[in-house]
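Asker: Here you go, one structure.
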Amino acid sequence: MIRIGQGYDVHKLAYDRELIVGGIKIPYEKGLLGHSDADVLLHAITDAIIGAIGAGDIGHFFPDTDMAFKDADSAELLEEIWQKVEADGFRLGNLDATIIAEKPKMAPYVEQMKLRIAELLHADSAQVNVKATTTEKLGFTGREEGIASLAVVLLEK
């Protein structure tokens, strides 16, 4: 059996926050604003995985109204979901994700993100692809107001 899921997330850039994308701290004057650490890439991946198993969305498991998840490490949230997925007998076929940001440039960090995500999903790095793009200064990402991410995951049983 194969299952496909897709995920999307967006967070606003704000001062006085660390920028964490794909589980990697990126030096920048702003970070992403959110209830947790606001890791936009890991949130999109987590949502894609939850979608692939037909279990709703990330907000169902980790509501932003629950103080237990205040400033939560998104890598730990992904690991919690992945444990459920593995317990159900699924493994990663492949994952493809895109980060959409005007600044900072993500390309120097993509390989580190790929390795970290593969580690979190107990997968080979060849099963994980992460890429970065801009919107050519269009929209909220182009105006440097926020960062978005998309993810597609294939699970196999």
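In case you wondered, yes, glycine gets a Cβ from its N, Cα and C as well.
Fair warning: this is a prediction, and the values are worked out from it, not measured in the lab.
Pulled these features from Swiss-Prot for this protein:
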- 9-11, 35-36, 57-59, 62-66, 101-107, 133-136, Phe140, Arg143: 4-CDP-2-C-methyl-D-erythritol 2-phosphate binding site (BINDING)
- Asp9, His11, His43: divalent metal cation binding site (BINDING)
- His35: site 'Transition state stabilizer' (SITE)
- Thr134: site 'Transition state stabilizer' (SITE)
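In terms of burial and nearby residues, how do these features look in this structure?
Answerer: Cβ-based neighbour count (10 Å, all protein chains) for Ser36 (4-CDP-2-C-methyl-D-erythritol 2-phosphate binding site) stands at 21.
Here His43 (divalent metal cation binding site) comes close to Gly7, Asp9, His11, Ser36, Ile58, Ser74, Ser149: these same-chain residues lie at least six apart in sequence, with C-beta atoms under 8 angstroms from its C-beta.
Counting every protein chain shown, the Cβ of His35 (site 'Transition state stabilizer') has 15 other Cβ atoms within 10 Å.
Sequence-distant neighbours of Thr134 (site 'Transition state stabilizer') (same chain, 6+ residues apart, CB-CB distance under 8 A): Ile100, Ala101, Glu102, Thr141, Gly142. In three-state terms derived from DSSP, Thr134 (site 'Transition state stabilizer') belongs to neither a helical nor a strand segment and is classed as coil.
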Asker: By a simple count, how many Cβ atoms lie within 10 Å of the Cβ of Asp9 (4-CDP-2-C-methyl-D-erythritol 2-phosphate binding site), its own Cβ left out?
Answerer: 24
Asker: Determine the Cβ neighbour count for Pro104 (4-CDP-2-C-methyl-D-erythritol 2-phosphate binding site): the number of other Cβ atoms within 10 Å of its Cβ.
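Answerer: Step by step: centre on the Cβ of Pro104 (4-CDP-2-C-methyl-D-erythritol 2-phosphate binding site), count other Cβ atoms within 10 Å, giving 19.
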Asker: Would you pick out, from the binding-site residues Phe62, Phe140, the residue whose Cβ has the largest number of other Cβ atoms within 10 Å?
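Answerer: Checking each of Phe62, Phe140, the winner is Phe62.
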Asker: Between Thr133 (4-CDP-2-C-methyl-D-erythritol 2-phosphate binding site) and His35 (site 'Transition state stabilizer'), how far is it from one CA atom to the other, in Å?
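Answerer: So the Cα of His35 (site 'Transition state stabilizer') lies 25 Å away from that of Thr133 (4-CDP-2-C-methyl-D-erythritol 2-phosphate binding site).
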